[in-house]
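One structure below.
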Amino acid sequence: MVPVSDDARPVVEVTGATVRFLAETALDGVDFRMFPGEVHSLMGENGAGKSTLIKGLTGALRLDAGDIVLDGEPVHFGSPADAQRAGIRTVYQEIDLLPNLSVAENILLGREPRRWGAIDWKAMRREAAAVLGELGLDVDPASTLSSHSLAIQQLIAIARAISADVKVLVLDEPTSSLDLDEVAELFRVIRELKERGVAILFVSHFLDQVYEICDRVTVLRGGKLVGEYLTRELLRIDLVQKMLGRSADELVVRPRSEPVESGEEAMLDVRGLGRGRLEGVDLVLAEGEVLGLAGLLGSGRTEVARLLTGIDRPDDGTIALDGVVISPRNPRRAIGYGLTYSSENRRTEGIIGELTVRENITLALQAQRGIFRRMRHSRQKELAASWIEALGIRPSSTEQLAGTLSGGNQQKVLLARLLALAPRILVLDEPTRGIDIGAKVEVQRLVGELADNGMSVVFISAELEEVLRVSSRITLLRDGRAVATLQSDALTVDSLLAMIAQPDDGE
Amino acid sequence: MKRILKNRLFWPVLALVALIVINTIARPSFISITVQGGQLYGPLIDILRNSAPLMLVALGMTIVIATRGIDLSVGAVMAVSGAVALTIIEGSSDPNGLGTVLVAIVVGVLVALVLGVWNGFLVAVVGIQPIIATLVLMLAGRGIALLITGGFITTINSEPYKFMAQGYVLGLPFALYVSMAAVVVVALLERRTALGVLTEAVGINPEASRLAGVRSRGIIWGAYAASGLLAGLAGILYSSNIMAADANAAGLYIELDAILAVVLGGTSLMGGKFSLAGTVVGVFTIQTLKSTITFLGVPPAVSPLFLAIVVVIVVLVQSPRLRSVLARASQALRPRNSSPQGGSEVAS
């Protein structure tokens with residue numbers, strides 16, 4: 001931990017930052033500062049003003065009022081390029097690199113070393129290798145970017161950001177698509193940068209990670225500053241309360257402990273499901289039950305979900321619904337059986353960004369009805385409006401483009417699309433990833449309510465605590481096999497972790 | 001006024017009107033319409049008539065582009081359908097019989113439909129990139145047409161066939177009825193059924209659409225089939241206009257005009273949201289431009305350059321970014337009027 005005394009000078013200080021969009025004030029007189037060599041987290045619900053403040057700080061947006069002082073000098077950023085020149089660099093959630101270029105080209109994009117006007121490829125690889133070396137990354141600079149995993153690409157994006165003279169590094173949701181090992185690797189790199197005196201702004205919805213890596217937290221709510229705190233002095237429950245502005249008791253979702261007799265009365269009975277690395281997976285799901293799938297990334301969680309809902313076709317195994325073997329060969333057919341899937345990749349496999357909320361919500365139902373039985377516009381509007389109200393989607397306009405909504409609201413639109421089908425089984429793959437705590441609690445609560453009303457849910461999440469809280473039983477996956485199915489009452493996060501981490505000795 | 005300005009069709013229509021005004025100023029006879037024997041004549045009527053093949057092709061192109069694709073083969077498909085129809089009429093004992101001509105037209109259009117289905121198969125089933133998949137037929141199609149005509153330019157004399165492009169009904173060219181009927185049918189099919197919104201969904205995000213249970217493959221396939229069918233009909237009109245099947249000249253570069261018309265109409269080449277009304281305006285704009293060239297007596301040698309310059313201007317006028325830059329520049333020139341409102345306008 002870096003000691004930050006009160007007389008140390010902040011590397012960047014924002015005072016009275018105000019941003020208005022038409023009538024709405026997105027940011028209202030917010031003060032914010034960062035010290036060299038600290039990891040600072042900006043916390044708040046969606047709509048709290050986090051991204052607006054970040055955009056103001058990185059030059060993507062002009063402040064209507066307020067000042068930014070960098071290294072004691074007042075600065076004005078007209079564009080992201082201005083901010084970059086001044087030493088404020090950003091790594092975005094969606095990696096903005098060029099997949100078909102080499103690692104070295106990506107790292108040095110726009111400032112390639114030149115010799116006689118042409119690019120000096122040797123120097124380029126050398127420089128890139130040096131930057132990668134500094135971060136302790138063992139990556140061949142000449143390899144193609146797309147040949148690396150998402151996690152490595154993320155680290156390469158950081159390498160690109162820090163290879164210039166960087167004072168402030170903004171990491172926007174850097175861990176949302178990484179697994180545990182990869183997060184550890186990222187944190188190692190962050191600590192490395194901290195040692196070098198870089199101020200790092202770390203934005204994440206994962207509280208665990210914030211507590212693990214951050215020295216200081218600034219909390220925003222409704223566009224206003226709530227306060228700045230040292231992480232070690234702020235209790236977790238207090239942080240959540242400050243973010244939400246409501247009492248902490250409301251946040252606790254009642255654990256579901258409904259007894260389910262597995263076996264004979266199973267509604268969905270899956271035997272020996274296999275495809276690729278996935279082998280012999282058995283699953284049983286009763287009516288009105290929430291079954292959690294737990295396991296590491298790559299254990300086969302998503303693969304199982306995709307096979308169940310016809311996204312991919314299984315090589316082996318049978319799926320029986322109400323005792324009858326069915327073959328959901330494509331998503332359309334699966335939906336016909338009442339099997340629906342919400343993808344973990346909201347943007348690429350979920351939302352149709354340039355269509356309206358109304359069109360997104362009615363899409364699956366319309367597809368099921370067929371081209372010639374078009375739903376009347378008034379009916380579409382009615383249906384969309386009722387789901388918007390039921391799930392609390394904001395803004396509550398049916399004609400808003402879905403792509404402009406926040407992550408949590410996009411997730412709700414997706415859920416509404418599936419629920420409009422009146423499905424029997426809902427397979428939710430990471431439904432709370434990358435959405436703020438308030439929306440997360442709402443989604444968890446909704447899952448409970450749906451199950452109470454007789455819907456069966458398969459719930460996948462990387463957050464064990466969440467899986468435990470929401471599910472009544474949990475099937476544990478390891479390396480493409482279902483290794484155990486347990487009542488969640490009998491489990492704790494620690495015992496679940498221990499089982500996941502257990503090496504495969506039986507085989 | 002603001003609502004008119006925000007309408008997607010405002011700039012395309014403005015470009016078209018501007019072109020007509022410029023022509024009229026240069027030569028007032030441009031908007032004159034004369035009646036001879038109950039039939040309307042004049043430069044504007046010619047534009048309506050001559051735009052028919054491009055209209056048909058551009059309609060199909062709009063649907064294909066909405067699925068994030070492109071169809072480069074339309075010109076070649078036109079050549080094939082014309083060649084098929086004329087070969088049938090030439091070989092028949094009764095070239096002036098209505099039956100013969102109907103069979104020729106139907107067979108010609110059906111062959112074009114088959115070619116469209118082939119394109120759709122390559123794109124939707126095999127998964128070849130649209131530009132490559134349709135390039136195959138763009139090159140091979142003219143070869144097929146030459147094969148059908150035996151390497152000659154088939155010419156015929158057939159009054160019913162001639163009527164397709166040159167006949168008049170109720171004072172207006174028959175070809176105009178054909179193209180307007182196509183516009184109405186396509187518009188009804190896309191907007192009165194759910195096809196339009198599902199097509200847009202597939203064009204914006206194919207995988208998300210598939211997961212939502214949309215028959216993405218069928219919709220993409222259908223778009224290419226429709227494009228082939230409409231191109232086939234365009235080929236009939238074209239060959240009827242010159243009463244010859246010229247495999248090398250029929251529909252030459254029409255794919256580029258069609259793409260241009262779609263883009264002028266405000267449909268993005270990235271797929272997704274599409275505007276059929278925009279395409280109609282775009283087609284009329286391009287046809288007016290072509291008439292302008294002949295009307296103003298631009299020397300044929302430099303006409304492509306003239307066309308290119310005008311297109312660049314039209315596209316620039318429609319560019320939102322250029323317009324906002326110009327708006328900011330004009331605001332900077334009037335410092336007294338620049339107020340905080342400027343910021344909010346940019347934000348909106």
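Cβ atoms are placed via backbone N, Cα and C, with glycine included.
Features reported for this protein in TrEMBL:
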- B:9-27: transmembrane segment (TRANSMEM)
- B:47-65: transmembrane segment (TRANSMEM)
- B:72-89: transmembrane segment (TRANSMEM)
- B:101-128: transmembrane segment (TRANSMEM)
- B:135-156: transmembrane segment (TRANSMEM)
- B:168-189: transmembrane segment (TRANSMEM)
- B:219-238: transmembrane segment (TRANSMEM)
- B:258-286: transmembrane segment (TRANSMEM)
- B:293-317: transmembrane segment (TRANSMEM)
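Across B:9-27, B:47-65, B:135-156, B:168-189, the stretch most heavily in contact with the transmembrane segment (B:258-286), judged by Cβ pairs under 8 Å, is B:47-65. With pairs at least 6 apart in sequence, the transmembrane segment (B:135-156) and the transmembrane segment (B:168-189) have fewer than 3 Cβ pairs within the 8 Å limit; the two do not touch. Two recorded stretches are said to be in contact when at least 3 C-beta pairs lie under 8 angstroms, sequence spacing 6 or more; the transmembrane segment (B:135-156) and the transmembrane segment (B:72-89) meet this definition.
Through the fold, the transmembrane segment (B:293-317) approaches residues 11, 14-15, 19, 23, 26-27, 30, 43, 260, 263-264, 285, 323 of its own chain, all at least 6 residues removed from its boundaries and within a Cβ separation under 8 Å. Against the transmembrane segment (B:47-65), stretch B:219-238 has more CB pairs under 8 A than any other of B:72-89, B:101-128, B:219-238.
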